[in-house]
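Feature annotation from TrEMBL assigns active site, proton acceptor to His141. The Zn(2+) binding site annotation in TrEMBL covers Cys149, Cys152, Cys200, Cys203. If you look up TrEMBL, you'll see 17-292 marked as domain 'Deacetylase sirtuin-type'.
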Amino acid sequence: HSVSRTSPNLTFVPACLPPDPVEVEELQRFVSNSKRLFVMTGAGISTESGIPDYRSEGVGLYARTDRRPVQHAEFVRSASARQRYWARNFVGWPQFSSHQPNTAHLVLRDWEKLGKLHWLVTQNVDALHTKAGSQRMTELHGCTHRVFCLACGDRILRSELQEHFKALNPTWKAEAFGVAPDGDVFLTDEQVRNFQVPACRKCGGILKPDVTFFGDTVSQEKVSFVHQRLAESDSMLVAGSSMQVYSGYRFALAAREKKLPIAVLNIGPTRLDHFASLKLNSRCGELLPLIV
């Protein structure tokens with residue numbers, strides 16, 4: 001492997017035992033038997049890069065706080081919800097955008113280069129697979145590094161929008177309290193009150209990150225595309241996801257229907273545990289590099 005050995009950040013990784021040699025062997029056999037592997041990743045693959053997830057026991061956002069992510073309908077309907085979202089996101093962006101891929105991302109990129117990985121679908125919006133160099137990939141829920149206008153569809157880079165925020169808010173400052181999975185931080189209502197949010201430069205419409213917020217749905221076109229890639233595959237590996245969200249879970253159900261072998265690598269229980277061929281409770285960044 002051309003995998004660089006960066007030491008993982010385990011702040012947001014649930015406790016787990018080191019990989020069991022028997023399990024390593026089982027996963028090795030699973031991957032070796034596969035010619036066209038379909039991989040789906042979730043937040044658990046990015047926790048070792050220092051990005052918290054929502055659901056992990058003890059360390060996920062839901063376990064640590066009573067915070068909940070923004071809902072699609074609220075963002076579209078309410079100017080104050082958008083102001084709150086973008087203020088938090090503005091403060092969190094420099095740190096969030098600087099996160100780097102970990103060993104697990106790099107291993108999957110190498111599998112793609114070797115022709116082992118047929119297609120990768122990530123539920124994450126952190127761009128870490130892209131940074132790692134993966135190309136045969138679908139970002140199921142979009143990516144926070146892109147922004148678009150809800151009215152005219154104009155697209156800009158999130159880094160470009162950061163400059164607009166700075167220009168509009170030259171004296172605005174806020175101290176952040178803790179970081180959330182999608183790059184925003186905790187701020188008080190008082191801090192958010194005077195934050196100015198730019199409109200679309202072309203039509204004055206509402207700017208939204210190019211991500212599927214909770215309560216929104218993935219486009220039918222994207223879902224069909226992923227189903228096609230799955231139909232071309234001969235096995236499925238789920239890495240770092242409890243598969244609680246239906247938008248990802250549906251593909252595991254489709255794989256089961258096609259009688260594809262399914263391996264799950266995730267710390268803690270998942271929705272697939274009762275029908276997966278193989279379930280491994282290990283860190284992605286610890287187990288995946290052991291597979292050749």
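Sequential numbering from 1, following the chain as shown.
Backbone N, Cα and C atoms are what each Cβ position is placed from, and that goes for glycine too.
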Listed recorded positions (His141, Cys149, Cys152, Cys200, Cys203), ranked by Cβ neighbours within 10 Å, top entry: His141
PLDDT averaged over every residue in the domain 'Deacetylase sirtuin-type' (17-292): 91
Cα separation, His141 (active site, proton acceptor) to Cys203 (Zn(2+) binding site) (Å, whole number): 25
Residues close to Zn(2+) site centre defined by Cys149, Cys152, Cys200, Cys203, Cβ within 8 Å: Leu150, Ala151, Gly153, Asp154, Ala199, Arg201, Lys202, Gly204, Gly205, Leu207
Between the residue listed as 'active site, proton acceptor' and Cys149 (Zn(2+) binding site): CA-CA distance (Å): 17
Distance, His141 (active site, proton acceptor) to Cys152 (Zn(2+) binding site) (CA atoms, angstrom): 20
Distance from Cys200 (Zn(2+) binding site) back to His141 (active site, proton acceptor), taken between C-alpha atoms, in Å: 22
